Each structure stands twice: as structure tokens, then as C-alpha cells.
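Q: In case it helps, TrEMBL gives these features for our protein:
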TRANSMEM  A:27-50  transmembrane segment
DOMAIN    A:89-304  domain 'ABC transmembrane type-1'
TRANSMEM  A:95-114  transmembrane segment
TRANSMEM  A:126-146  transmembrane segment
TRANSMEM  A:180-202  transmembrane segment
TRANSMEM  A:223-245  transmembrane segment
TRANSMEM  A:287-305  transmembrane segment
Amino acid sequence: MPNPLEAAARATPAPLARRVRGLSDRAIAWIFVAPTILLLLAINIFPLIWTVRLSFTNYAANRPNREVEWVGLRNYSRILTDDGIWANMQTTAHFLVWTILLQVVLGFTLAWLINRKFRGNDLLTTLIVLPMMLSPAVVGNFWTFLYQPQIGLVNYAVELVTGIPASSFSMLGPGGLAKWSIIIVDTWMWTPFVMLICLAGLRSIPDYIYEAAEVDRASKWRQFWTITVPMVLPFLMLAVLFRGIENFKMFDMVVLLTGGGPGNETLLASIDLKREAFEKWRTGYSSAYAIILFVTVFGLASIYVKALNKVKER
Amino acid sequence: MTGFLTGLLRLRRGPWEMLASILIALGVVMLMQPFFLWAYTWSFLVTLVGTVMFIVVSHFPE
């Protein structure tokens with residue numbers, strides 16, 4: 001029986017066959033990869049280079065006909081000496097530090113508790129991970145209702161526990177509670193994510209290590225600090241970096257909850273950037289602002305990739 | 001410490017990546033700390049140097 005490939009090769013006209021045979025494996029690989037590379041260049045690399053260029057100008061997108069001036073490093077120097085933006089960075093840091101701290105502590109504790117075998121373990125895990133499956137827009141909207149001073153459940157719960165009248169304080173209004181309210185919502189939403197990563201770390205520890213520790217009469221406390229914590233640490237690092245990068249860029253949920261207010265109390269860097277770019281229309285200035293945030297996130301992402309590779313090597 | 005310094009001198013990836021990571025982390029801390037305006041002003045440069053260094057040194061041999 002004739003080989004179908006040979007038959008196809010014989011049937012191919014000689015000039016076409018020569019052309020196809022003339023392409024090296026490398027050339028064929030490039031043909032396949034080229035569309036993706038072109039798409040990435042068009043939608044990622046080109047806008048990035050354009051933003052870098054704009055960051056050295058006074059361009060305003062709402063005045064396209066105005067003459068664009070080259071201002072050098074003036075935009076960067078203004079941003080990096082601006083007290084207001086420095087305050088926004090501190091607000092971002094407050095949000096970042098507390099969300100990560102709470103999510104790591106609660107996520108690790110939940111993972112440690114759920115790692116034991118008991119009835120309903122799977123159901124409980126599913127229930128715990130539900131919040132992270134919701135859209136940030138939905139979460140922002142329904143927590144706005146929960147935080148509502150007159151009809152919100154949170155205020156009623158506080159009244160029930162402490163006796164403070166529900167309508168006497170506002171979780172999202174003036175009084176210093178707003179910055180903690182957004183931390184509570186983010187923690188509620190993303191603790192399950194940290195829990196899942198920690199759970200993966202805990203389940204990757206082989207039982208024989210604990211058995212060897214038992215033989216050596218190591219206490220549970222010592223096993224926890226010398227086996228569990230060191231072996232879960234790379235996973236925890238991963239969770240911290242991932243949440244750090246995500247929360248540094250946090251925008252949607254906080255905009256829906258507080259819009260950056262009251263005053264500038266919850267004005268995170270990303271919300272301020274959006275205001276500069278699309279409300280004040282200072283495109284050149286906001287491009288410099290965006291580059292500063294981009295370099296920070298890119299730097300953190302580099303460490304994240306390194307940590308990820310370490311986890312993979314284990 | 002000696003191994004770290006030898007690695008730096010021999011242009012090995014591990015120690016140089018560590019140094020770049022430290023610079024990036026330092027830059028991020030400087031950007032967000034509430035104490036010194038000068039640290040905030042120089043934070044971007046430190047992060048940028050760390051990030052560029054990370055990209056370059058990740059091509060060094062192990």
C-alpha cells in the first residue's frame with residue numbers, strides 16, 4: 001500500500017514543493033509566531049514606548065491641536081516632589097500593608113485548619129473561596145449597601161455588639177473609618193486566594209517528614225516552626241507578591257466603594273492617576289505618573305517571577 | 001557573605017539578582033514611606049536602577 005505522505009509529495013507541483021522545502025524549521029517557526037509578536041507590539045509595546053515619549057512632554061489629550069512642548073524630566077521631578085502624590089503613595093502603602101498582613105495571617109490559619117481531614121471539608125473549602133469568584137464591581141456595590149449607615153447590616157452588627165447607635169457613624173464617610181472599610185472588603189474577597197496557595201504548600205509537604213519528627217519526639221509546636229513554616233514560606237512569598245502587585249494597582253473596588261473619598265482619605269495612586277489623565281487631562285504629566293507606577297510594578301513582578309521559579313524548583 | 005561577594009565579582013546570576021531585588025524592594029519602600037520626602041524623591045531612580053539591573057543580570061551565567 002503506498003504511503004499517503006509520499007503520494008501527497010509526488011502530487012505537489014515541483015515549483016511549490018521546491019519553495020516549501022526551501023523554508024528552514026526556524027523560518028516556519030517565525031511564520032507561526034510572527035502574528036502574535038506583531039499583535040503584542042501593537043497593543044503592548046507601542047503604547048508603552050508612546051507613553052514614555054509623552055511623559056517628557058506637556059501633551060494634553062483634550063487639546064490635540066495645541067503645540068506639544070518637550071519638557072524633559074520636569075513631569076517626573078514635579079511628581080516626585082509633590083506632597084499630595086506622596087500622601088497618595090502612603091494611602092496606597094497603608095492599604096497594601098494591612099491587606100497583605102491580614103490576608104496572610106487569616107489565609108494561612110484557614111489553610112492550616114482546613115488541611116485536616118474532617119466531614120464537610122470540601123463543602124467548607126468551596127464556601128470559603130466563593131468571594132474571590134465574584135466580580136470586584138459586584139463586591140463594591142453590595143458592600144456599599146452593607147456599609148450604608150441607615151440600612152446597612154454592618155452598622156447594625158456594630159450596634160448589637162457595642163451599643164453605639166447604627167446611624168451615628170458611617171463606615172465610608174468622614175471619621176477615619178473609610179480606609180479601614182476598604183481593607184475589610186479586600187481582605188474578605190482575597191483571603192481565600194492566599195488560603196488556596198497556602199493549602200497547596202501544606203499539601204506538598206510529605207507525611208514522612210512529620211513521621212520522622214515524631215520519631216525524634218519533636219513537639220507539635222517545634223514541627224510547626226521547623227517543618228511547616230519553612231516549607232510553606234516560598235508559597236506564602238508568592239501569595240504576598242501576587243497580592244502586593246494586584247493591590248498596588250487596585251482601582252475598581254475602591255472607586256465603587258468610596259471613589260477615593262471622603263476628601264482624599266482613600267485616594268490610591270491608581271485612582272489619582274485616572275483623575276490626572278481623564279479628569280484634569282494632563283496627559284504628559286499622568287504618563288510620567290503611569291511610568292513611575294509601571295516601573296514599580298514591573299520591579300515587583302521581576303521578584304515575583306524569581307520567587308515563582310524557586311517554588312517550581314522544589 | 002564571602003560566597004555572595006565572590007559571586008558578584010565573578011558576575012554570577014544569583015548574587016546579582018539578589019542585589020537587584022534588594023534595590024527594587026528598597027525603592028518601593030522609599031516610595032511609600034511617610035518619613036522623608038528626599039527618600040520619596042529618589043525612590044523612582046532606585047527602583048528603575050534595580051529593575052534594569054534585574055533584566056541585565058538575569059542573562060548572566062548561573
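The count begins at 1 with the first shown residue.
Any Cβ shown, glycine's included, is placed from N, Cα and C.
Values in this document were obtained by computation on a predicted structure and should not be read as measured data.
I'd like these features described in context: how deep, what's nearby, how far apart.
A: Sequence-distant contacts of the transmembrane segment (A:27-50) (same chain, at least 6 residues past either end, Cβ-Cβ under 8 Å): 294.
Proximity of distant same-chain residues to the transmembrane segment (A:95-114), defined by a Cβ-Cβ separation under 8 Å and at least 6 residues beyond the stretch ends, is recorded for 121, 124-125, 128, 179-180, 182-183, 186-187, 190-199, 201-202, 228, 232, 236, 239-240, 243-244, 247-248, 250, 254, 266, 268.
For the transmembrane segment (A:287-305), the list of distant contacts is 48, 51-52, 54-56, 59, 75-76, 79-80, 85, 238, 241-242, 244-245, 248-249, 269-270, 272-273, 276-277: same-chain residues at least six beyond its ends, Cβ to Cβ under 8 Å.
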Q: In terms of Cβ proximity under 8 Å, which residues at least six beyond the ends of the transmembrane segment (A:223-245) contact it?
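A: Same-chain contacts beyond the ends: 96, 99-100, 103-104, 107-108, 112, 190, 193-194, 197-198, 200-202, 204-205, 209-210, 213, 297, 300-301, 303-304, 307-308, 310-311, 314.
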